[in-house]
Amino acid sequence: MAPLSSAVSLFNGERTVVVLFLTRILFCIPKSLYYESLGLCLLALAGLFSEISAENSTSLIQFKPRPGASSGILLGAVTLPSVMLSRLIQLSRAVESKDIEPQELDYLIVQYWAVSATCLAVLLFLCCCVIGHSTNATIFLKFWRFHDKEISLLYTAVYVSNCCFSLARQSDFGSHLVMKLFWVFCHGLAAVRLIQHFLHTFPSCASIGEALLVTSGLVLYFGDMIAYTLSKLNTFLISPELLSEQYGFKRSEIITIIQGFLISLLVFPVFYGFFLRIYHQLSGWTSPQTHAAEETDSKVIESSLLFYASLIVTLVVIAPAWMQFVQGFHRHPLLWILNFVFEEPLKRLALCIYWVSVICASVLRFYNISKSSKIERILLRKYYHLVAVLMFSPALIFQSSFLDLAFGASLAVFLILEIVRVWKIWPLGKHINQFMNAFTDHRDSELLIVSHFSLLLGCALPKWLSTDFNDRPLAPFAGILSLGIGDTMASMVGYKYGVLRWSKTGKKTIEGTAAGITSVLAACSVLLPLLASTGFIISQHWISLLIAVTVSGLLEAYTAQLDNAFIPLVFYSLLCL
């Protein structure tokens with residue numbers, strides 16, 4: 001019975017779905033991406049081992065992960081690299097058809113190895129924390145415990161060698177390759193430091209897998225900004241040949257604006273906290289915590305005014321200055337945004353009015369229901385998923401580029417509101433906190449409310465990833481279809497009519513999963529002819545679509561992670577194939 005129980009523990013529901021997901025991607029790999037596919041396999045094996053080790057250890061408690069959730073290490077480790085690899089498969093088709101320049105594919109390969117190394121570095125760090133504290137180790141884990149250094153070095157050497165051969169195809173062995181490896185190595189170091197900071201700063205807010213996904217995404221996003229800035233500086237750190245190789249294509253103004261504002265807001269709390277401490281020291285306010293509850297206190301008001309002034313300077317001066325430097329705007333980026341909106345005033349202003357009307361009506365309606373009704377909060381939250389479908393679907397079909405900008409603006413507003421809530425900025429912090437708590441669930445905490453972020457990002461990321469080139473018409477709709485329709489129908493049908501459960505301990509039902517899969521397929525059958533009528537060349541195969549919908553539906557049924565974050569990325573990856 002021991003081997004049988006070990007097999008069952010090795011292939012639980014979530015891991016089985018992840019294996020199916022990776023198998024589907026690897027099945028579609030072209031010969032030109034064999035090194036990258038081997039890297040994904042090595043990363044998946046490391047993630048599987050780290051997750052199994054974490055189940056037999058109590059050492060991860062020191063990171064204070066979200067209570068009630070599994071570690072999710074395997075899923076968190078392979079999700080973003082799989083997205084990048086699927087995107088590489090898609091762009092390799094574009095290079096063959098000469099729709100894009102080879103430089104775009106080359107730079108994406110560097111990004112793939114950067115995010116892969118980010119995840120592997122965190123996995124190695126977790127293994128160092130776990131192995132020595134395993135309480136119920138298997139024979140394999142005991143063997144690793146005695147030979148952990150040798151195996152880790154050998155595994156890392158194989159991975160690095162594979163990475164070298166992959167990058168050497170773009171530039172021969174030499175200084176260019178060394179710089180690329182150093183760049184990838186820096187991503188790994190930054191990720192290890194960032195995930196420790198994230199888990200200790202926001203305890204009980206995320207599982208290890210969720211923290212790994214956030215960490216790898218942030219490191220990749222910041223790294224891309226730094227590389228793009230260095231390319232414009234043309235310093236001795238990057239040679240002109242490498243610059244032309246990595247940045248042989250021009251980015252759109254919208255992508256630059258979104259990146260500038262979002263990164264500025266992400267680092268804003270760090271600098272605001274630094275200036276606030278200086279202000280407290282200069283003003284002699286040694287114990288600001290004692291005044292936090294007094295909203296009318298002069299010191300609280302002064303600190304809040306400092307916050308608003310710093311925020312205005314960041315959004316009006318600092319972030320636009322970077323945008324103008326890297327993109328070469330001929331006017332202030334905020335003026336460029338206004339000009340972009342009024343290029344098609346009737347369509348875009350009408351769309352803005354439509355969005356505001358839907359938001360106001362839904363927020364007022366659902367907020368009153370949340371206070372006076374006994375309706376389950378999970379169902380109340382799913383109504384917002386349907387609102388996302390109503391808001392984003394028309395814009396995605398008829399005003400795609402404007403929706404990119406709107407997604408960025410919405411995420412910027414969410415970041416500002418969350419900063420105001422967390423820092424308890426007068427006079428809005430208390431009211432925002434009271435309002436947001438009406439829609440929280442067990443995955444949110446007082447320190448960080450992530451549900452609204454994950455829903456918006458789940459809808460936005462597939463669209464942003466499809467901006468430059470896309471030959472799969474449903475790929476930009478991955479978030480809207482999986483969250484707005486599939487996840488919503490699965491929850492509602494499962495809650496009201498579900499009887500057969502996928503597992504004895506879980507709440508997800510077979511009826512709910514079947515409803516989610518069926519509803520997404522039905523939506524696709526309506527959406528594809530509509531897209532064809534707008535002039536889009538349909539190249540989506542129904543067998544591939546069925547596999548993508550089924551795998552993402554099974555992941556929603558089995559995963560204990562934040563489904564708003566993982567399911568859209570998994571669905572997008574499968575739709576790109």
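For all residues, glycine too, the Cβ spot is worked out from N, Cα and C.
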For the transmembrane segment entry in TrEMBL, name the matching range from 379-399, 547-567.
379-399
Please find, within the list 11-30, 211-230, the residue stretch that TrEMBL describes as transmembrane segment.
211-230
In TrEMBL, which of 32-50, 412-430 is tagged transmembrane segment?
32-50
Are there 3 or more C-beta pairs under 8 Å linking the transmembrane segment (477-498) with the transmembrane segment (181-199), counting only pairs at least 6 apart in sequence?
no
Would you say the transmembrane segment (254-275) and the transmembrane segment (71-89) are in contact under the rule of three or more C-beta pairs closer than 8 Å, pairs 6 or more apart in sequence?
no
